[in-house]
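Taken verbatim from Swiss-Prot:
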| type | residues | note |
| --- | --- | --- |
| BINDING | V78, T79, V80 | acetyl-CoA 1 binding site |
| BINDING | 237-239, 244-250, 276-281 | acetyl-CoA 2 binding site |
| DOMAIN | 148-303 | domain 'N-acetyltransferase' |
Amino acid sequence: MTLEPAGEPAAWHAAPDEAAALAALIDAAAAADGVAPISGHVRDAVRSGAAQVLIDPGASPDDPAGVAVALAQDPAEVTVAPDRRRQGRGRSLVRAAVERQGAVWAYGDLPAAQALASALNLRPTRVLLQMRRPLPIEPLGYQPPAGVRIRTFQPGRDEDAFLRVNARAFASHPEQGRLDRSGLGEEMAQDWFDPNGFFLAVTDPGDELLAFHWTKVHPAEPAGQNPTGALGEIYVLGVDPAAGIRGLGSVLAERGLQYLAQRGLDTALLYVESDNAPAVRLYERLGFTVFQRNVVYRPTNQG
């Protein structure tokens, strides 16, 4: 096979009509690297046309060599087809992505990504840990404090209270803290959404929301070079900083993990910022260990 040399990528544009070809590219990269280079919600945004893409077309628009994806103000996400690498394509795409978005994700922080970041004078500014543990979880004995009960989320009733507490709990978080009613509605419309796995700690009496644990089930992916079974996730675990009650996170975490085990899942995962020491300690107490590091890189001269 003769590999065409890297050229200049086309202009940034929305590409819902090219989503299938880009999905094939992303899947091939994930199979080769053992880690998905583009996150699920960004792939959804490519399909819907909400994201902007910069495509290295390679020899044919139907068989792209690489892509950079920009969504809102978030760090860009970039990948190159496994058989088109070491030709300067990644360098061109990452340079353009950082110029547009100011930063780029490196999922898995693989050695090739580290080397490219160093060559482009990019430095790590954020580390998002993926942690995992086996299920079921042994009973830990966490009980709701006096005056608190646990119930599940009720669509049509709890959205506004959840958004208020979520905004306070994640006020400094670059993604979760800006979730609004529209974004929540989009999440609730997804096939994976299940209110039976969305747990709320509320006052009793009063039913005032204090904390929440939203779980998620990822379906099995048996095909490809890196097949996986279904996975359960601590999707979002948040406590209202104004609640003033200790132990709510532990109670809700255990309840959610028990639910995921009852669904027949044998592995739970979560994502947590590496510098969120209290959360990391909680998850370590629950038996989670680091499975993967995801890093945001920015130019060395950028704050």
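Positions of Cβ are set from backbone N, Cα and C atoms, glycine also.
Positions of the features from Swiss-Prot, shown on the structure.
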residue : record                    : Cβ neighbours (10 Å)
V78     : acetyl-CoA 1 binding site : 28
T79     : acetyl-CoA 1 binding site : 26
V80     : acetyl-CoA 1 binding site : 29
L237    : acetyl-CoA 2 binding site : 23
V239    : acetyl-CoA 2 binding site : 20
I245    : acetyl-CoA 2 binding site : 17
G247    : acetyl-CoA 2 binding site : 15
N276    : acetyl-CoA 2 binding site : 15
P278    : acetyl-CoA 2 binding site : 8
V280    : acetyl-CoA 2 binding site : 17
Length of the line joining the Cα atoms of N276 (acetyl-CoA 2 binding site) and T79 (acetyl-CoA 1 binding site), in Å: 28
PLDDT averaged over every residue in the domain 'N-acetyltransferase' (148-303): 93
Environment of V78, T79, V80, the listed acetyl-CoA 1 site - residues of the same chain whose CB lies within 8 A of the CB centroid: A29, P37, G66, V67, A68, R89, G90, L93, V94
Residues that sit under 8 angstroms from G249 (acetyl-CoA 2 binding site) by C-beta distance, when 6+ apart in the chain: A211, L237, V239, A279, L282
For G249 (acetyl-CoA 2 binding site): DSSP state (helix, strand, coil): helix
Euclidean distance between Cα atoms of V280 (acetyl-CoA 2 binding site) and T79 (acetyl-CoA 1 binding site), Å: 29
Rounded distance in angstrom between the Cα atoms of V80 (acetyl-CoA 1 binding site) and P278 (acetyl-CoA 2 binding site): 37
Inter-residue C-alpha distance, V280 (acetyl-CoA 2 binding site) and V78 (acetyl-CoA 1 binding site) (nearest angstrom): 28
For V239 (acetyl-CoA 2 binding site): DSSP state (helix, strand, coil): strand
